[in-house]
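J.: Heads up, here are the entries from TrEMBL:
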{"type": "DOMAIN", "residues": "1-207", "note": "domain 'Plant heme peroxidase family profile'"}
{"type": "BINDING", "residues": "Pro40", "note": "substrate binding site"}
{"type": "BINDING", "residues": "His70", "note": "heme b binding site"}
{"type": "BINDING", "residues": "Thr71, Asp127, Thr130, Asp135", "note": "Ca(2+) binding site"}
{"type": "DISULFID", "residues": "Cys77-Cys109", "note": "disulfide bond"}
Amino acid sequence: MLDIVTLATRDAVALAGGPTYTIPTGRRDGLVSNSSVDLPGPSQPVSEILRFFRTIGLNKIDMVTLLGAHTVGVAHCSFFQSRVLDFRGTGRPDPTMDPKLVKKLFRLCNTSKPSTTLNNVPKTFLDQNTSFIVDNQYYNQILKKKGILKIDQELALDKLSAPIVARFANNGNAFRKSFAKSMVKMGNINVLVGDDGEIRKNCRVFNNPN
Ligand code: HEM
């Protein structure tokens, strides 16, 4: 099952115009499924996010590269609306966001409809320029103060990551090569081999649920 997810991701990246790359297969499936993994939040500083990436064997270049996956997909207002409605209790928007984008997102998120599930929450593209293409436009957008999540914008501003962002914004090929490399590296984290785990007979469930 894990191989299938990794292969499907590889194919989706290629179909969306991103790099093609070869991934090793043969992963076995785990016997534990834990939805409450401790992932960092989108408003944590770059240094904290980097600390997290290091704990899983990824470095600074991997971090900047993999966040480039935000070149596709969407974010719901709940993850960024404080940036446009009331940034850090100032009653004003985040000054690091382009004022035109602030206006657009304010209109999008400033609804009074209460919502219990993400399904009803408005959303916007993470890459406001080429939203369906895996390319380096994400980096150009964040250089123009058009990052949606705080972490996206901080990536362009923090001195830890800014030089890498500038390089990828300028050089689409450098991003493509790095993306292929870091995706393979991420896919090799904690791979189960030998007798560990199992090979699922049905993708959706453990072989013996008891
Ligand atoms: C630790 C760093 C990261 C943080 C804090 C983060 C945070 C987020 C958040 C808050 C969203 C919006 C979710 C929503 O509104 O439903 C999102 C979306 C997304 N993220 Fe990340 N992310 C991180 C790293 C990554 C990595 C490493 C990848 C892949 C290599 C990735 C790929 C995506 C994609 C493709 C989407 C769009 C999903 C969709 O359209 O449904 N992110 N991320």
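Glycine is treated like the rest: Cβ placed from N, Cα and C.
In TrEMBL, annotation is done automatically, which means it is predicted and not curated.
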J.: Can you tell me which of these recorded positions sit near ligand 1, meaning the Cβ is under 6 Å from at least one of its atoms: Thr71, Cys77, Cys109, Asp127, Thr130, Asp135?
T.: none
J.: By a simple count of other Cβ atoms within 10 Å, which of Thr71, Thr130, the binding-site residues in the record, is least packed?
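T.: Among the binding-site residues Thr71, Thr130, the lowest count of other Cβ atoms within 10 Å belongs to Thr130.
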J.: Going by C-alpha distance, which of the recorded positions Pro40, Cys77, Cys109 is nearest to Asp127 (Ca(2+) binding site)?
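T.: It is Cys77, whose Cα lies nearest.
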J.: Check the domain 'Plant heme peroxidase family profile' (1-207) for me and report the mean pLDDT.
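T.: Looking only at the domain 'Plant heme peroxidase family profile' (1-207), pLDDT averages out to 94.
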J.: What count of other C-beta atoms do you get within 10 angstroms of the C-beta of Cys109 (disulfide bond), across all chains shown?
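T.: Counting Cβ neighbours of Cys109 (disulfide bond) within 10 Å gives 20.
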J.: Would you identify which of the binding-site residues Asp127, Asp135 has the most other C-beta atoms lying within 10 angstroms of its C-beta?
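T.: Comparing the binding-site residues Asp127, Asp135, the most crowded Cβ belongs to Asp127.
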J.: Near Cys77 (disulfide bond), which residues of its chain come within a Cβ-Cβ distance under 8 Å, counting only those 6 or more away in sequence?
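T.: Result: Leu105, Leu108, Cys109, Val121, Pro122, Lys123, Thr124.
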